[in-house]
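Report on one structure; see the data block that follows.
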Amino acid sequence: MASTVLYNSLTTSTTVFLRSHLPISSSSPNDELHHQSSVISNCNYYLKKSSFGGQRKKLKENNNYVKAAAVAESLKTYPNEVAGDVPEKKLRILVAGGGIGGLVFALAAKKRGFDVKVFEKDLSAIRGEGKYRGPIQVQSNALAALEAIDMDVAEKVLAAGCVTGDRINGLVDGVSGNWYVKFDTFTPAVERGLPVTRVISRMTLQQILAEAVGEEVITNESNVVDFKDDGNKVSVTLDNGKTFEGDLLVGADGIWSKVRTNLFGHSDAVYSGYTCYTGIADYVPADIDSVGYRVFLGNKQYFVSSDVGGGKMQWYAFYKEAPGGVDQPNGMKQRLFDIFEGWCDNVIDVIIATDEEAILRRDIYDRTPKLTWGQGRVTLLGDSVHAMQPNLGQGGCMAIEDSYELALTLDKAWQKSVESGRPIDVASSLKSYEGARRLRVGVIHGLARLAAVMATTYKSYLGIGLGPLSFLTKLRIPHPGRVGGRFFITPAMPLMLRWILGGNSEKLEGRIPYCSLSEKASNNLQRWFEDDDALERALTGEWTLLPQGSVAGSLKPICLSRKEDEPCIIGGVFHKDSSGMSVALSSPQISEKHAQITCKNGAYFVTDLGSEHGTWITDNEGRNYRLPPNFPTRFHPSDVIEFGTDKKAVYRVKVMATPPKASQNSPSAAVLQTA
């Protein structure tokens, strides 16, 4: 069961994660200047024609549309609700589970005047779920639903999160690191005036929600083990024997829901086929300003890494095997190196940067959504009825959407009962909520499973997984499935993201679409989507040649200059007359003036200067070739450059960004690390 913290111990963090990747204290969300400078209903974003057709909206800056104006407009429509004068509705709602879904629903119901009581099992959200699952991705659709529920709470969540939706995200080949398909999660949000996707510490999110719900609503150390529905009231029984009575019960007690079991009997969760290792590392990649998250694809395994702010990266490593596996003590990191041997530097480097103690493992389960979510005065929401695989990052988002829809449906039913003078029909209201959510949840649940199937069947080259024919892999022939998959995914992905992120926005009553200047993406975003070369040139780290091989210990790293008039000369002796840097390598196969490395427009080139034994490059797809003399050849991150053929001067190209020292000991960094 997901759970929350004891309310009395809550102190909501004021630390936010901005694109600087340093924790910065935020001003109060109620600060007038904060609103006027950061939230505007029309922004100066100009979005080119999208890949899925149709003209993207041109949104111009207009200072007349500050958030205060939006609030004033909503005051006209919903004066009582915005002013906080919500008439109390004589309907008592019991909620089993104080995880994200349970707390969001409790907040939504409380805001609409209902009497809510949340029963929470223990502190597993901090010690268990929060520890195992780390920061959570809250996507645009869920953030918009939060805004429709409580704008002040939503602003705290927005301020505490690290924006990832304003950068490149997508799928890459796990071995080469080359882009397979890029995701645009920015445009679908801005087109509909939705907040841009963020990641936030799970603990921080639950603290914000619990503080808003209130101490008087949450009862900790209270595990709902049974209930009775007599048609007029529902009574719940806790594991300590206490009973409570209400007008309806909402089961938000997670994938192992006791409410679900009591409703429909025992049913096994569905094993996804994957075990998952996860961790958080003090690590900042060189493309942190241009890439939010990546999914690295492989055959029967895949790896996900995401910026979570504060100089940290969160990662998940999925591996197809039977459930219940156990690693050797302190052996998880080594097993990851074994599983992902030969994969690209982006995967290996973040594993290297992760402490063994920070790595956790769990098997991944989901539940097939039921056509019937409840009976009588009892219903379910979130993982208790449609637990999803984490591949789309929509599990928690769907719970938030569920919460909004259920609170809205009950509110409308109450208003109808007041107008008609008849008692509220709770059972019919719950059925209406279930019907409104069933299709959307079912489709997204299916897409999450489909994403896992894609990862299972992905093969970069012909010969992978073919046993005796595996030698074909060395020929580097693109696998037909890889080619065909890209042909399908490229046009389908924008449509899918547009529906996932924006498909629920029209149901959010009273929410006024707006854009935030603080979420403005780079002017180069569109170019990065279209041009991998431009994305590489945007790297902000230091280009370095790192020695590798058996004699690496006798060589020193070579740090390359970005200045075009400062070349690096590689040779057997120092060249004092060089306008840049001179590196002397002691090897019989290194010519006196062997090669030259130059930078032009952010790209690096190596030129063999007519050396006897040549200069060689092995690229990220394993192709090895000798450079033609006196002809500049571009090289890329992860390429291997060899001067001569005796393996005594071999270097790997790395682009490294050092995480800020301030982030390592900051309170926010500590929160993320323990999450």
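Cβ atoms here come from the backbone N, Cα and C positions, even for glycine.
Keep in mind that this is a model prediction, so the values were computed, not measured.
The transit peptide feature in Swiss-Prot is assigned to 1-25; the stated evidence is sequence analysis.
Residues or ranges marked as FAD binding site by Swiss-Prot: 92-120, 370-383. Annotation note: ASP383 (FAD binding site) sits in a helical segment as assigned by DSSP.
Averaged across the domain 'FHA' (558-622), pLDDT for the predicted model comes to 94. Swiss-Prot lists 558-622 with the feature domain 'FHA'.
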Could you count the residues of the domain 'FHA' (558-622) that DSSP puts in helix, in strand and in coil? 0 helix, 26 strand, 39 coil
Please compare the binding-site residues VAL116, LEU371 by how many other CB atoms fall within 10 Å of each one's CB, and tell me which has the fewest. LEU371
So what sits near LYS110 (FAD binding site) in its own chain, CB-to-CB under 8 Å and at least six residues off in sequence? VAL116, VAL213, GLY214, VAL217
Cβ neighbours within the same chain of VAL104 (FAD binding site) - under 8 Å, at least six residues apart: LEU146, ILE149, LEU209, ALA399, ILE400, SER403, TYR404
Sparsest Cβ surroundings (other CB atoms within 10 Å) among the binding-site residues ARG92, ARG377: ARG92
With DSSP assignments reduced to helix, strand and coil, which class does VAL116 (FAD binding site) get? strand
Please state whether DSSP places ARG377 (FAD binding site) in a helix, a strand or coil. coil
The one of GLY98, ASP383 whose CB sees the fewest other CB atoms within 10 Å, among these binding-site residues: ASP383
